[in-house]
Amino acid sequence: MPESNTIKSAPRTTPALASRHHLGRVSGPLPTGRVRRRYWIVLSILIILALGFAGGLLAYDNPMPPGTPGFWLIAQMRSVNVLVMLLVAFCQAMATVSFQTATNNRIITPSIMGFESLYIAVQTGAVFFLGAAGVTAIQGVPQFALQLVLMVGLSMALYGWLLSGKNGNLQIMLLVGIVLGGGLGAVSSFMQRLLTPSEFDVLTARLFGSISNADVSYLPVAIPLAAVAGTLLWLNAKRLNVIALGKDASTNLGLNHRFETMRVLFLVSILMAVSTALVGPMTFLGFLVATLAYQLADTHDHLYVFPVAILVGFVVLSGAYFVMKNVFYAQGVVSIIIEAVGGTVFLIFILRKGRL
Amino acid sequence: MISLSAVQKSYSSDVAIGPVDLKIPTGGITAMVGPNGAGKSTLLTMIGRLLGLDAGAIEIAGYDVASTASKDLAKIVSILRQENHFVTRLTVRQLVGFGRFPHSKGRLTRDDEEIISRSIDFLNLNELENRYLDQLSGGQRQRAYVAMVLAQETDHVLLDEPLNNLDMKHSAQMMQLLHKAARELGRTIVIVLHDINFAGHYADHICAVKDGKVIEFGTPAEIMTDEVLSRVFDTPVTVIDGPRGPLAVYY
């Protein structure tokens with residue numbers, strides 16, 4: 001090998017070319033003043049809306065005169081629902097935004113990866129084998145914890161198996177996840193066919209994503225879990241920004257891409273399991289929230305997308321709940337209005353801007 | 001210096017790379033040329049640790065690619081693939097800023113900002129630095145990605161067909177910039193090229209790859225001959241004296 005013709009190169013560091021750098025040239029997450037202003041205005045509006053809906057849920061249609069002990073008692077009882085909504089919004093928003101980044105795909109949501117099918121299969125199985133009493137048999141903190149473990153276990157087995165192999169491939173993992181979800185769904189439908197009408201009726205109430213499915217006694221388990229997983233994702237925001245560039249670019253920048261993806265997917269599965277086991281399927285919510293958050297925040301930086309996504313999630317959930325409760329008197333079943341109104345808002349955004 | 005010893009990668013019984021032994025000297029541009037499917041890009045991605053080896057070892061500046069931590073390698077070598085996942089709502093400057101990630105872990109200091117500015121100016125992107133990537137042409141985007149790997153300030157820069165999708169003007173500009181980066185910034189640049197004439201004119205060394213093996217390595221003067229090129233590309237090639245050096249004619 002021609003070692004001799006090694007080229008004498010200039011000394012390493014970049015020569016101070018007539019650099020046109022000045023302090024105004026910065027690469028922050030919000031590049032220009034206009035984008036910055038817009039971001040903070042959007043965030044303030046979302047905070048006001050969130051506070052408004054939360055206040056509305058606590059105080060509107062409260063039979064006791066404001067300020068009396070009775071008023072506060074009722075508000076306190078209602079505040080559990082608000083807390084559940086906050087928790088679900090937090091879980092779904094953080095999980096979906098992170099999941100879309102880890103899979104480099106902006107049109108999917110972690111719910112299709114078998115979480116919801118598993119939830120439906122567990123609920124249906126309980127009613128199928130134990131009759132209407134089955135619904136009560138799977139309520140309780142140990143059962144809740146068991147469902148969490150099942151869901152996280154299933155998804156980790158899937159991610160681990162499909163991502164660690166020699167031909168580990170995200171696309172195949174997603175496909176297998178969807179197929180497994182479909183299979184579980186089919187088994188559930190089959191069992192539902194064989195139920196008596198009254199059992200089926202009891203079951204249906206559990207299968208609609210509903211805030212009132214949530215049991216207060218689950219919260220001491222659910223809140224710490226969600227808080228820990230969410231905080232870890234939040235602290236990981238800078239790395240998530242790099243992972244969004246794709247496998248090759250993030251490896252080039254020094255990340256162990258497979259390890260980072262697995263870590264994100266693990267945290268995502270905890271958040272999704274908490275949300276699903278708590279209130280049931282919310283298939284569309286995460287996707288809607290993540291997409292709207294990107295449209296509203298107008299930045300790639302997760303540190304800035306996360307808060308917008310959580311607030312959007314809470315506004316959508318509490319808004320839907322408020323309307324369902326005070327306009328249609330059908331409190332609980334929020335997933336219907338989320339899919340109808342949220343879907344419309346989503347379509348308007350996409351058609352107007354023409355991009356995700 | 002980048003050295004490969006007995007590097008092997010097999011896909012199936014009849015498709016395999018290697019064994020390859022190669023020493024890429026420090027400084028200047030080394031161009032990898034060869035027919036389609038010869039394994040140029042595979043070799044480059046293995047050097048850049050994007051693809052594991054089945055056997056053998058690769059060392060960059062004395063660091064073994066397989067055993068050195070990825071975050072340490074990111075300060076020694078940078079690699080740019082042909083296709084890049086495309087993030088929306090990312091400006092040119094933010095993209096280039098990612099080049100500083102191995103050094104600052106996402107918290108850009110004042111020095112980082114200055115290096116980013118310098119990389120952007122170097123690729124003549126200063127007018128475009130606050131544009132979003134989806135508002136750029138293919139050539140501008142390509143330049144933005146090159147600016148990112150330059151901002152990484154690694155001694156070794158690996159580029160996989162950076163002239164893909166570029167027209168005549170932008171191809172020539174890109175090669176001139178890379179040439180300048182090798183000279184003025186003292187980078188060792190390894191580049192996969194399709195056009196042998198670009199390699200002949202701008203490269204300091206040419207590495208010819210065929211059927212998964214390195215069959216020639218030398219200066220452009222040594223490689224740009226009828227006999228060598230015809231053998232490498234399996235097609236009759238005549239090298240004539242052009243106005244700016246040897247010119248391979250193959251049509």
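Here the Cβ of each residue, glycine as well, is placed from N, Cα and C on the backbone.
A Cβ distance under 8 Å defines the sequence-distant neighbours of the transmembrane segment (A:39-60), meaning residues of its chain 6+ beyond its ends; these are 30, 66, 71, 75, 78-79, 81-82, 296-299, 304, 307-308, 311-312, 314-315, 318-319, 321-322, 325-326. Sequence annotations record features per position, and here TrEMBL assigns transmembrane segment to A:39-60 (among others).
Counting residues 6+ beyond its ends, the transmembrane segment (A:80-97) has Cβ neighbours under 8 Å at 54, 57-58, 109-110, 211-212, 214, 216, 219, 222-223, 226, 229-230, 233-234, 267-268, 271-272, 274-275, 278-279, 282, 285-287, 289-290, 293, 302, 305-306, 309-314, 316-318, 321 in the same chain. The annotation transmembrane segment is assigned in TrEMBL to A:80-97 (among others).
For A:118-138 (among others), the entry in TrEMBL reads transmembrane segment.
For A:144-162 (among others), the entry in TrEMBL reads transmembrane segment. Long-range contacts of the transmembrane segment (A:144-162) within the same chain, counting only residues at least 6 positions beyond its ends with a Cβ under 8 Å from a Cβ of the stretch, are 113-115, 118-119, 122, 138, 168-169, 172-173, 176-177, 180, 215, 218, 221-222, 225, 262, 265-266, 269-270, 272-274, 276-278.
Remote same-chain partners of the transmembrane segment (A:174-196), defined as residues 6 or more beyond its termini with a Cβ less than 8 Å from a stretch Cβ, comprise 103, 105, 108, 112-114, 116-118, 120-121, 124-125, 127-128, 155, 158, 162, 203. Sequence annotations record features per position, and here TrEMBL assigns transmembrane segment to A:174-196 (among others).
Taken from TrEMBL, the feature transmembrane segment covers A:216-235 (among others). Taking Cβ pairs closer than 8 Å, the transmembrane segment (A:216-235) reaches residues 80, 83-84, 87, 90-91, 94, 98, 140-141, 144-145, 148, 264, 267-268, 270-271, 274-275, 277-278, 303, 306 in its own chain, all 6 or more past its ends.
The transmembrane segment annotation in TrEMBL covers A:264-297 (among others). If you look at the transmembrane segment (A:264-297), the same-chain residues 6 or more away from its ends with a CB under 8 A from one of its CBs are 39, 42, 46, 84, 87-102, 106-113, 115-116, 119-120, 144, 147-148, 151-152, 155-156, 159, 163, 206-211, 213-214, 218, 222, 225-226, 229-230, 232-233, 236, 240, 243, 304-305, 308-309, 312-313, 316-317, 335, 338-339, 342-343, 345-346, 349-350, 353, 356.
As annotated by TrEMBL, transmembrane segment applies to A:303-323 (among others). Within its own chain, the transmembrane segment (A:303-323) has Cβ neighbours under 8 Å at 29-30, 39, 42-43, 46-47, 49-50, 53-54, 56-57, 60, 81-82, 85-86, 88-90, 92-94, 96-97, 211, 233-234, 237-238, 285, 288-290, 292-294, 296-297, 331, 334, 337-338, 341-342, counting only residues six or more beyond its boundaries.
Long-range Cβ contacts of the transmembrane segment (A:328-351) within its own chain (Cβ-Cβ under 8 Å, at least 6 residues beyond either end) map to 208-213, 280-285, 288, 291-292, 295, 316-317, 320-321. The transmembrane segment feature in TrEMBL is assigned to A:328-351 (among others).
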